[in-house]
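**Q** I'd like to ask some things about the structure below.
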Amino acid sequence: MKLPLLLAIVTTFSVVASTGPFDPEEMLFTFTRCMEDNLEDGPNRLPMLAKWKEWINEPVDSPATQCFGKCVLVRTGLYDPVAQKFDASVIQEQFKAYPSLGEKSKVEAYANAVQQLPSTNNDCAAVFKAYDPVHKAHKDTSKNLFHGNKELTKGLYEKLGKDIRQKKQSYFEFCENKYYPAGSDKRQQLCKIRQYTVLDDALFKEHTDCVMKGIRYITKNNELDAEEVKRDFMQVNKDTKALEKVLNDCKSKEPSNAGEKSWHYYKCLVESSVKDDFKEAFDYREVRSQIYAFNLPKKQVYSKPAVQSQVMEIDGKQCPQ
């Protein structure tokens, strides 16, 4: 899919600003999440989606477009909603990490344009209108730099290979293949892991960190994003009140070792009073993580039997018999 203009930054649900630089998977997640959270229902949904995919931020007077734009800006760090200022530092970080994706003079011009933007009230319309002229003037530069150019991104996916979650690959499968590769003695452990057995060894903790960060339950800064967990519960029509209590309890016992936080929260949820709801939500997240655009053309209706069937199919693929 052609990623939409760099202009956007999303707003509803969790709005955890990521830490750059960003790889193609991270930007794909950002753009599709911002689309999902802001697309209108009804006859305008598909035409609007088609434009956003082409980096055309229209209709410009639509609250949906404006909030989509703000969402991307916030998630990438181009706009700080707390300071209510634009910040070009991520542009330089991105160029330093991916120098082949831009020309130095054009990147500097883009960064200067962003840095010169005035303080702006933290609302969708104001942020969108402030950034839109910069987007239009530097669209090609930002599109290339933030992995919106299909051809450039294709080359990066090929270069990174097994070191990045590939398109149409679930993040669970990516992590499983990374830490329990096919043909290795460790592969058999997936038969237990995929049935929610919590292991206590270093390898499993690394694997869990990979998954929990991949589905954004844990941020790059090793912080719990409770809103992301709650979002998945709502996707399977589960009440979040009991979940909130469980997460608060888990938080009170959070380890100081950053490397064990993902494992701690996973174990805490799997062994909690909401474990069945968590497993159901987690399974559905696995299915949806195969296609980040899962809910874009239209919001999908959750079907537990269908998800169970899909997960069993993945089990058969990942767990050697």
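In case you wondered, yes, glycine gets a Cβ from its N, Cα and C as well.
What Swiss-Prot shows for this protein is this:
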type     : residues                               : note
SIGNAL   : 1-17                                   : signal peptide
DISULFID : Cys34-Cys71                            : disulfide bond
BINDING  : Trp55, Gly148, Lys167                  : leukotriene E4 binding site
DISULFID : Cys67-Cys124                           : disulfide bond
DISULFID : Cys175-Cys210                          : disulfide bond
BINDING  : Glu176, Arg194, His207, Asp283, Glu286 : noradrenaline binding site
DISULFID : Cys191-Cys319                          : disulfide bond
DISULFID : Cys250-Cys268                          : disulfide bond
**Q** What subset of the binding-site residues Lys167, Arg194, His207 lies within 10 angstroms of Cys319 (disulfide bond) at the C-alpha level?
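**A** If one measures from the Cα of Cys319 (disulfide bond), the binding-site residues that come within 10 Å are Arg194.
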**Q** Just to be sure I understand the packing, how many Cβ atoms besides its own are within 10 Å of the Cβ of Cys124 (disulfide bond)?
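**A** Result for Cys124 (disulfide bond): 22 other Cβ atoms within 10 Å.
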**Q** Please report the DSSP secondary structure of Cys124 (disulfide bond), reduced to three states.
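**A** Where Cys124 (disulfide bond) sits, the three-state DSSP reduction gives helix.
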**Q** Find, among the binding-site residues listed as Glu176, Glu286, the one whose Cβ has the highest number of other Cβ atoms within 10 Å in the structure shown.
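**A** Compared across Glu176, Glu286, the most Cβ atoms within 10 Å surround Glu176.
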**Q** Tell me the Cα distance separating Cys250 (disulfide bond) from Cys175 (disulfide bond), rounded to the nearest angstrom.
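**A** Cys175 (disulfide bond) to Cys250 (disulfide bond), Cα-Cα distance: 24 Å.
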**Q** Looking only at C-alpha atoms, tell me how far Cys34 (disulfide bond) is from Cys191 (disulfide bond), rounded to the nearest Å.
**A** 35
**Q** So among Gly148, Lys167, Cys250, all listed as recorded positions, which is physically nearest to Asp283 (noradrenaline binding site)? Use the C-alpha atoms.
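**A** The answer is Lys167.
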**Q** Spatially, which candidate from the binding-site residues Trp55, Gly148, Glu176, Arg194 is nearest to Cys124 (disulfide bond), comparing Cα atoms?
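**A** Nearest candidate: Trp55.
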**Q** Sorry to bug you, but what's the C-alpha spacing from Glu176 (noradrenaline binding site) to Cys210 (disulfide bond), rounded to the closest Å?
**A** 9
**Q** Measure from the CA atom of Trp55 (leukotriene E4 binding site) to the CA atom of Cys67 (disulfide bond) and give the result in Å, rounded to a whole number.
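**A** Given the Cα positions, Cys67 (disulfide bond) is 15 Å from Trp55 (leukotriene E4 binding site).
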**Q** Cys250, Cys319: which of these disulfide-bonded residues has the sparsest Cβ neighbourhood within 10 Å?
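**A** The disulfide-bonded residues Cys250, Cys319 were compared, and Cys319 has the fewest Cβ atoms within 10 Å.
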**Q** Can you figure out which of Gly148, Lys167, Glu286 (the binding-site residues) comes closest in space to Cys191 (disulfide bond), comparing Cα atoms?
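**A** Nearest candidate: Glu286.
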**Q** Rank aside, I only need the closest one: which of the recorded positions Trp55, Cys71, Cys250 has its C-alpha nearest to that of Arg194 (noradrenaline binding site)?
**A** Cys250
**Q** Would you identify the secondary structure of Gly148 (leukotriene E4 binding site) according to DSSP, in three states?
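**A** Looking at the DSSP assignment, Gly148 (leukotriene E4 binding site) belongs to neither helix nor strand, so coil.
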